[in-house]
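Worksheet: one structure, shown below.
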Amino acid sequence: MTRDEDNGFSEWGGYFEAKKSKLEEQFAAASDPFRKSDLFQGISIFVNGRTDPSADELKRIMMVHGGTFHHYERSHTTYIIASVLPDVKVRNMNLSKFISAKWVVDCLEKKKIVDYKPYLLYTNQKTSQPMLIFGKPKDNGANESKSDVEPPKDKAEVEVDSTKDETQMELGGILKNLQQAVATSPEKEASASESKITNLSTTSNNSTTARTAADPNFLSEFYKNSRLHHIATLGAGFKQYVCRLRQKHGTQGFPKRETLKSLANSHHNCLERYVMHIDMDCFFVSVGLRTRPELRGLPIAVTHSKGGNAATDVPVHPQADRKAELELFAQRFEHHFHDGDKAEKVRSGFDKKMSLSEIASCSYEAREKGIRNGMFVGQALKLCPELKTIPYDFEGYKEVAFTLYDTVAQYTLNIEAVSCDEMFVELTDLAHELNVDVMAFVSHLRQEVYSKTGCPCSAGVAGNKLLARMATKEAKPNGQFLLDSSNDILAYMAPMSLDLLPGVGSSISHKLKQAGLNNCGDVQNTTLEKMEKVLGKKLGQNLFQNCRGIDDRPLAYEQIRKTVSAEMNFGIRFTNSVECEQFLCQLSEEVTKRLVEIRRKARSINLKIMVRAAEAPVETSKYMGHGVCDIINKSSLIKYATDDVNVITTVVLDLMKDADIPPDELRGLGIHLTRLEDANEVRKENNIKEMFGKMSEMRKDKPIPQGAVGDKSIGDDKVNKPLVFENKPKPREPRNVLSMLTAAAVSRKSVTEDRSQRGTSKPITRPLSLVPKLDEDVLAQLPEDIRLEVIANREEHLCIAEYDGYRSPQYPTLRSPPLLNPYVTTNVSPLKATDLKPSTSRAAVARLQKRKERKEQEHYIRSDQIVADYIDDLPDFVNPHILKLISHPVEMPELLMGDNYKDLLNDWVSREEVPKPNDVDLILKQVSRMIKNDQLDHVCDVMKYWCRIINMKRSSSCCWHVAYKHIEESIQNQMLTIEGYSLLFIEYIRCIKCS
């Protein structure tokens, strides 16, 4: 889609340029009340990276002294303030003036604009034409004040600061390189697009901005200029920061703990374990008010919107239909996600021309007016017309977050990072080993954080993570609370809403409400059996315990990334498949870069596709937003983990091709990599290849003994080969077990008659020279599991050789009977290579015995596999055995137990518009067998995948919905009969008609 004259944004010169202009207008409006001089009148600056003074301080200086502060580099930016630039920027430098922040300080000191040339960091000068220096840099060495000299720090502070210096720049890179396009959950479909891109701008001097994802520069431009994704990645960044602090600290002590001696406990601590949950109060608002103290006490909201009249008269595309879009979103929230609050939010704030920007954070004064985080700005202004809005301050968030973590790390590193402003801390060692009064320490810590950051925080302390988080809710705002044995935990938890507990979302909450369970008190009064029936065994047990204040989860100090993803649901407007493929190639490169940077490889590749819903308007209420969409997930599991961009790109393109979606219907694309493995792990086959190479080199170095060659010439290239497999037997044709038994019986009869005639018994054996010989040196170098497999393979050949020796030549080999059922195999062993590994585990022995029994059972051929004319050709003495086999019942093939069950279900659903009753009965029998075999996890996997592909059918598929619900109901009835509880299926049929 190209931008035309009637799209509502042409008069601004584009959406991104409008955002830039909005930020400049905000800055100008905020500067007027505080302006003291016009020293920097007509001068604009843009801060690139870390500087001294900081970006916030430079912004305040420009605000007070008449200058302009650009949030993004623009063509008319006067100076770019920086301390250091990467090499790529230096080599690609244009005519921009990169100067030191010292220039601003010196201008203030002299109260005039000084020459910028001495403060230039880099220039485009050449050795043949050096730059002319018109002035000398000012020597400021004598003007340093004593207050600028920091006092000496103790050892612990130096260690934390050194790690921070090493990590902060890396974390800045992590926050940029681990960019996750803010993943829009289904609950946020109605509003997340605009909030993602409001901070987006361009650095192009011309109006050649990348307007849609079809533009080759769109993806790089989005990630280069949009900083809102930092919110989603700050948590991951600080989890890595805590890991690095722990690794660097090792077994060293904490000198800062010496200051806690004054906090000695006068009485015995009442809990065996102390867990603290610390959370900053209204984090975004608190950081923003540090530079806006005049706004304290007023209702404040952090958002991209200006507020005021600008938030109630937003331009809307002429072809957009807000009313239709509103109703579609509301229906989905109510019927699919069972979230009435979200539906009400859409209905009350998704009308007219009101701003759909979301409020990221609001002050407690605003909350008293009914405003909540995530609310639309237009809706909030209806509740509170005097609401003040402030912009994001990402550098400030990072600065305060580092200070918070560094302060806690001076006392303990038993930290579980949750986000940039929230963490769990284990205080048991401080309480018992140092005999410290826990609440006195918490008060001391909170005061230290406030003195360093100017931002308040609250803390809750209890015996586990769940109660500690609950205690924090009691402590807010700016307080602390201890939930110990003196409190009646059951009475405290009883009125708590169930959606406050971990793992309880809108879907689980809806099921609980249907069962008459609205709060923790209701669960306390019910039985464990009922909870397991409603939610399944595992989740039912967890919720049953949590409602009683029981939580055994330990703190996760070193958290390993389990997924890496990159997603884009703004500006996805393709006109052909070529544009779509080009964008997917770029997105694959982006997600691969993130994967490499965390030193991981992925085995599972998932492609998330957002397709415009059939009933949704083509143009969305939000410019270039995704609107109401159907979400399709396609996944592929590759053989080996990879971080190769070519492999990932190929898989992604294949998945997109399989989806077969028209390009103009796409509204969002995302790549998610899972099943991550350590990139430093080397695959076993590589080690084996290397071992064979070393053995070959060793053989070359060994002298050949005289006479070892025999009659062969010295030049024969087969002499020095380390392994000789020339006599390796050819692969045998698959033989039916019945034919082998028949031939063996005939051979035994012949041998018996021959022995009786001769009176002697001499075993008839096959020459074992045809069995491959093993090199003992090579065998000794093999890993244990491979060596056992090779030995077992050789023993198998020996057994075959002995068996062939008993074959009677007077009876030809009988032909194998035809197999009527292609799913039944007779000569495939269920044992894997790893099963040959010796194990002392009783469970392992039991598994091997069970597999052995299954293997023996599979050798039987059922009656439906035997053809009548084949039976007639058999000798008479074999017929009784065949008749005995015929009397055995026929076993159903296990269609859903293989690795290809997804392909089977996918083909079935895609090929049939209406499921046949016989097929449904077959699937039901398969699932029932799995339940009887206690394969409940596989039942859940099968039902989850089947439900997903049914939901993906865009045509009328209510017949499939009925079939699925029929099988689901049968499964639950069988589970209640056998196990006494029901299974929890996280996927469900999303159909308003069926509902």
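Every residue number used here counts from 1 along the chain in the order it is shown.
The backbone N, Cα and C atoms fix where each Cβ goes, glycine too.
Record features (Swiss-Prot):
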- 135-164: region 'Disordered' (REGION)
- 182-211: region 'Disordered' (REGION)
- 192-211: compositional bias 'Low complexity' (COMPBIAS)
- Asp279, Asp421: Mg(2+) binding site (BINDING)
- Phe284: site 'Substrate discrimination' (SITE)
- Ser361, Cys362, Ser363, Tyr364, Glu365, Ala366, Arg367, Asn373, Asp421: dCTP binding site (BINDING)
- 696-868: region 'Interaction with PolI' (REGION)
- 878-995: region 'Interaction with PolH/DNApol-eta' (REGION)
| When the Cα of Ser361 (dCTP binding site) is compared with the Cα of each of the recorded positions Asp279, Phe284, Asp421, which one is closest? | Phe284
| query | What number of additional C-beta atoms lies within 10 angstroms of the C-beta atom of Ser361 (dCTP binding site)? | reply | 20
| query | Going by C-alpha positions, which of the recorded positions (Asp279, Phe284, Asp421) is nearest Arg367 (dCTP binding site)? | reply | Phe284
| remark: Phe284 (site 'Substrate discrimination') sits from Asp421 (Mg(2+) binding site) (Cα to Cα, rounded, in Å) at a distance of 10
| message | So, three-state DSSP: helix, strand or coil for Asp279 (Mg(2+) binding site)? | response | strand
| query | Of all the binding-site residues here, Asp279, Glu365, Asp421, which one's CB has the most other CB atoms within 10 A? | reply | Asp421
| In angstrom units, rounded to an integer, how far apart are the Cα atoms of Glu365 (dCTP binding site) and Phe284 (site 'Substrate discrimination')? | 14
| message | Between the two most separated Cα atoms in Ser361, Cys362, Ser363, Tyr364, Glu365, Ala366, Arg367, Asn373, Asp421, the residues recorded as binding dCTP, what distance in Å do you get? | response | 20
| query | What does DSSP assign Ser361 (dCTP binding site), in three states? | reply | strand
| request: Name the secondary structure element type, per DSSP in three states, that contains Asp421 (Mg(2+) binding site). | output: coil
| query | How big is the gap, in Å, between the Cα of Phe284 (site 'Substrate discrimination') and that of Ser363 (dCTP binding site), rounded to a whole number? | reply | 9
| pLDDT averaged over the residues of the region 'Interaction with PolI' (696-868) | 48
| task | Round to a whole number and give the Cα-to-Cα distance in Å for the pair Ser363 (dCTP binding site) and Asp279 (Mg(2+) binding site). | result | 15
